[in-house]
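Here is what Swiss-Prot says about this protein:
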- 407-421: compositional bias 'Polar residues' (COMPBIAS)
- S406: phosphoserine (MOD_RES)
- T414: phosphothreonine (MOD_RES)
- S439: phosphoserine (MOD_RES)
- T440: phosphothreonine (MOD_RES)
- S445: phosphoserine (MOD_RES)
- T449: phosphothreonine (MOD_RES)
- S471: phosphoserine (MOD_RES)
- S474: phosphoserine (MOD_RES)
- 394-425: region 'Disordered' (REGION)
- 1-24: topological domain 'Cytoplasmic' (TOPO_DOM)
- 46-68: topological domain 'Perinuclear space' (TOPO_DOM)
- 90-114: topological domain 'Cytoplasmic' (TOPO_DOM)
- 136-165: topological domain 'Perinuclear space' (TOPO_DOM)
- 187-225: topological domain 'Cytoplasmic' (TOPO_DOM)
- 247-272: topological domain 'Perinuclear space' (TOPO_DOM)
- 294-674: topological domain 'Cytoplasmic' (TOPO_DOM)
Amino acid sequence: MATAVSGPCAGRSRDILWRVLGWRIVASIIWSVLLLPICTTVFIIFSRIDLFHPIQWLSDSFSDLYSSYVIFYLLLLSVVIIIISIFNVEFYAVVPSIPCSRLALIGKIIHPQQLMHSFIHAAMGMVMAWCAAVITQGQYSFLVVPCTGANSFGSPAAQTCLNEYHLFFLLAGALMGYSYSLLYFVNNMNYLPFPIIQQYKFLRFRRSLLLLVKHSCVESLFLVRNFCILYYFLGYIPKAWISTAMNLHIDEQVHRPLDTVSGLLNLSLLYHVWLCGAFLLTTWYVSWILFKIYATEAHVFPVQPPFAEGSDECLPKVLNSNPPPIIKYLALQDLMLFSQYSPSRRQEVFSLSQPGGHPHNWTAISRECLNLLNGMTQKLVLYQEAAATNGRVSSSYPVEPKKLNSPEETTFQTPKSSQMPRPSVPPLVKTSLFSSKLSTPEVVSPFGTPFGSSVMNRMAGIFDVNTCFGSPQSPQLIRRGPRLWTSASDQQMTEFSNPSPSTSISAEGKTMRQPSVIYSWIQNKREQIKNFLSKRVLIMYFFSKHPEASIQAVFSDAQMHIWALEGLSHLVAASFTEDRFGVVQTTLPAILNTLLTLQEAVDKYFKLPHASSKPPRISGSLVDTSYKTLRFAFRASLKTAIYRITTTFGEHLNAVQASAEHQKRLQQFLEFKE
């Protein structure tokens, strides 16, 4: 899925990714494995619960903990935890994936990489359920058991029967593993939210631990309920298949079949399956939480490297290169932190190069921040145009904000994309620490699609399934280039229906070129098909876009823009007293112009019909949903950044060159009327 990157660039990206994240990943995996014996001990204690003989209960539990078979299964569980941790590393994302329609959500779930993720987790869930069943002992330990009523099968010899209790355990573990994988992508659990307040790793883990255990127990309860319903209707299929394949009998004299109501009302079985699910989810969530804590910990990027060989990791070069997304997020987070709390590092930003006397550090940092903010402005303008005209944003071409060039841009001049793409499928496009990604040629667009059929492409092109901007297009509005998921012929037809002035107007007569009769007939048929399908409730149920999801998708990567705002505004405010060379004053008009233009775009955006003016109340949950309110945090950060600059410089800003509209808006900030 990753775009083709040259070998040296990919190698440098992998090197910096390993230097920054390598030890964090190893530490999170080690702690996940070290915490596994504690979880296993709790599981053994509760699996042998005996309230009437507490001393005997505890002594037997701890004696079993040191037995050879428990140690063996503990090693096997450690391998499972390592595999789960590797998948956490491979599938993380710093930009959440927000499908804007139900069909896009289905496409996200059935993507080949997601299917592989689900299959592996189902297998690992079955392995953990097998280990839990054996550790529990009793009637759940083995899949094959001797038949008690051997004579009933017509032979006095000993017969082997299928232990349906053990099969129930294995299938429940597989379903729990698959459900974990499904919710992992549906709830954006692969999204890495960066903490607003920096805390010690132990404090963050301790704060999440109680919520983690509670969430695991409740989720296991619901999964057991769902599995019982599923086993009641379909349980006979795996039971008959395994018994036939292994030539096993089904002894109904020992216990009732579990695919009946009376068989499923076995409270002991339900309790142990629920406990197994809670154990599985707790250990997997612990590894997931530890990876999130370690990966989002702040990292210090030096502004000026002490040695020449360390220049690849200095902050200006990281920001202006094309690093992996998480490295760029960590760099912007570091910019936000030191701009507030480190005067010595701020002095390095304001310093001049020797020899030459050029402000390379400030130029590189401010240029990247302004490029990010200009990119957000253009994105909001495109969204407003699409919403105002009921049209469609051109998703086929990435938005390239205008680059800021200056004479000082010689040191850190590297080709790059100034705006990170916002994928619609989970952002798996990152440099892997372990292996290269399995790529599929179908997913090339920034918004991506898991479908390759031309028929589905044309169908999706009619309803614009995966595009998060705009709404279904009216017949009179055909604009802004080809739709998503269109074939080459469709693109040519769209280009023909959108003639540019240079091609549609002749140089002599300035007359419009009329479309052919065949093309008009095709267009009419397409509109008739579109109107026919739009009246079908089931089709519109899958193709209609959710307004809230479309709005969230616009601000899905707003976290790095928030850090760019805060870092840039704090540096500008600090320059009033700390900038001895006046390097900030040369770019202050451009900074104010960018911030005020962005403020105007944000104000217009929040006046749109579907844009709520108040953030929704988000209840405390293990799964982070802060990305749903990023637009409100971005609006507050933008206004705070402008006020931070105006309160620091005061009336001195009246001497800054700006347009009349910006001067008026700046005066409102100076008078605290915004």
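Cβ coordinates are placed from backbone N, Cα and C, and glycine is handled just like the others.
Given the structure is predicted, the values throughout are model-derived calculations rather than measurements.
Remote same-chain residues near the topological domain 'Perinuclear space' (46-68) are listed as 40, 132, 135-137, 272, 275 (criterion: CB distance under 8 Å, separation of at least six residues from the stretch ends). Note on the topological domain 'Cytoplasmic' (187-225): residues 88, 91-98, 172, 175-176, 179, 270, 273-275, 277-278, 280-282, 285-286, 288-290, 292-298, 326, 329, 333, 337, 426, 559, 620-624, 626-627 of its chain, located 6 or more positions outside it, place their CB under 8 angstroms from a CB of the stretch.
Counting residues of the topological domain 'Perinuclear space' (247-272) by DSSP class, helix then strand then coil, yields 10 helix, 1 strand, 15 coil.
Listed as Cβ neighbours of the topological domain 'Perinuclear space' (247-272) (distance under 8 Å, sequence separation of 6 or more from its ends, same chain) are residues 47, 136, 140, 144, 147-149, 152-153, 159-162, 164-165, 168-169, 224, 228, 231-233, 235-236, 239. Within the topological domain 'Cytoplasmic' (187-225), the DSSP-based counts of helix, strand and coil residues read 25 helix, 1 strand, 13 coil. Taken through DSSP, the topological domain 'Cytoplasmic' (90-114) splits into 12 helix, 2 strand, 11 coil.
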